[in-house]
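The region 'Disordered' annotation in Swiss-Prot covers 1-95, 280-317, 326-345, 411-443. Summarising the annotation, Swiss-Prot assigns phosphoserine to Ser18, Ser20, Ser29, Ser58, Ser113, Ser150, Ser390 and lists similarity to another entry as the type of evidence. Annotation comment: Swiss-Prot describes 61-72 as compositional bias 'Pro residues'. What Swiss-Prot lists as compositional bias 'Low complexity' is 81-95, 283-293, 307-316. According to Swiss-Prot, the feature region 'Involved in homodimerization' maps to 100-260. Residues or ranges marked as domain 'KH' by Swiss-Prot on the basis of sequence analysis: 171-197. Per Swiss-Prot, dimethylated arginine is recorded for Arg320, Arg331, Arg340, and the stated evidence type is similarity to another entry. Annotation comment: Swiss-Prot describes 351-443 as region 'Interaction with HNRNPA1'. Marked as phosphotyrosine by Swiss-Prot: Tyr387, Tyr435, Tyr440, Tyr443. Residues annotated as region 'Interaction with ZBTB7A' in Swiss-Prot: 400-420. Residues or ranges marked as compositional bias 'Basic and acidic residues' by Swiss-Prot: 434-443.
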Amino acid sequence: MQRRDDPAARLTRSSGRSCSKDPSGAHPSVRLTPSRPSPLPHRSRGGGGGPRGGARASPATQPPPLLPPSNPGPDATVVGSAPTPLLPPSATAAAKMEPENKYLPELMAEKDSLDPSFTHAMQLLSVEIEKIQKGESKKDDEENYLDLFSHKNMKLKERVLIPVKQYPKFNFVGKILGPQGNTIKRLQEETGAKISVLGKGSMRDKAKEEELRKGGDPKYAHLNMDLHVFIEVFGPPCEAYALMAHAMEEVKKFLVPDMMDDICQEQFLELSYLNGVPEPSRGRGVSVRGRGAAPPPPPVPRGRGVGPPRGALVRGTPVRGSITRGATVTRGVPPPPTVRGAPTPRARTAGIQRIPLPPTPAPETYEDYGYDDSYAEQSYEGYEGYYSQSQGESEYYDYGHGELQDSYEAYGQDDWNGTRPSLKAPPARPVKGAYREHPYGRY
């Protein structure tokens, strides 16, 4: 029985022998461009189910993977994709760990390839590489959105320029700080923000400020900026922006170059208190503050031969409404109100009788009227004509109906016509218990 060879296996054996005998020393997996296309694998006549046919067809269906040449020859032609650029090992590891972050290797490659004469470009690249290494890169896109739902605290910073160029002679720093820094402390407590004065000219010692500015310390980097007020707020977004607006509105009041406003006047008064200036005396009747107040009265001269000042109270002179010593006091009449500050009258003499206040009518006063005494009939004759004229009227008839004549005769004894013949001063009050001629005689 004649044995037939497979053409595919024959081609594989011939290519293996040619590769092994390649004088260029190329890798066995690298093959040169063939002179004619390789024929397709054919199945054996036995249906491909035999072990011999399957073993011979497997090398053609599954060829070994092609690898990039380590050191290809000059005449070798590689079939496949273009070779990838060579990268440093550290950059390759970073690219494998973070495939999305390709910005840092590119910056480092550009910095290495850049000429050192480009100083500004080298400085900018160094700053950018440092930011990326610290993890501060590409955060600007994330900060464009405010998260109001989570209520996370945020920090706001604003720099308010002080108009020293427009008003170079005005001391804005002293007005904002205040005496011993008390003004800016109260301003921070009122607004709830951190406020500080920074920039060129913010320090009192100019020599020290210049020394710190040239020192290059990042803490004093603000000395290279213009004079400004730095406002810093920390809190939830809504509250932080509200506090910032309030703080900026209050700081704006201190940027007015006016030495006579309320802020400067309060600072002058506070400075006088801190320096130990005594406060104006506070006595009775002496006004301390306020515009338009009357000046204090001059001192009263003392000594013999000097008269009292106008409107002054002299000891021993009667005051309006007061009782003079030795004057007659009428019983039943309340004394006039006394003047505040006037000396009280003394009632130790025998001519003045002390009367209790307010006067109460005593029951013994009715005993002086003498109801048992008889009165003269002179006054009844005067009323007789009036009674006869009004008797016909119903009004007076009803009042007089059923009464006796004796009730009118009892009042007829009173001499009304001769009681007050003229307007004269009433007589002095008689001694208690004496007989009166008339019950109303004292009037």
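Here the Cβ of each residue, glycine as well, is placed from N, Cα and C on the backbone.
For the domain 'KH' (171-197), DSSP puts the residue distribution at 19 helix, 4 strand, 4 coil.
According to DSSP, Tyr440 (phosphotyrosine) is assigned to coil rather than to any helix or strand. Ser150 (phosphoserine) falls within neither a helix nor a strand when secondary structure is assigned with DSSP, and so counts as coil.
Here the Cβ of Tyr440 (phosphotyrosine) has 10 other Cβ atoms within 10 Å, regardless of which shown protein chain they belong to.
Geometry remark: Ser150 (phosphoserine) versus Ser113 (phosphoserine), CA distance 46 Å. Secondary structure at Ser113 (phosphoserine), as computed by DSSP, is helix. Taking the Cβ of Ser150 (phosphoserine) as centre and 10 Å as the limit, one finds 7 other Cβ atoms among all the protein chains shown. Summarising model confidence by region, the region 'Interaction with HNRNPA1' (351-443) averages a pLDDT of 54.
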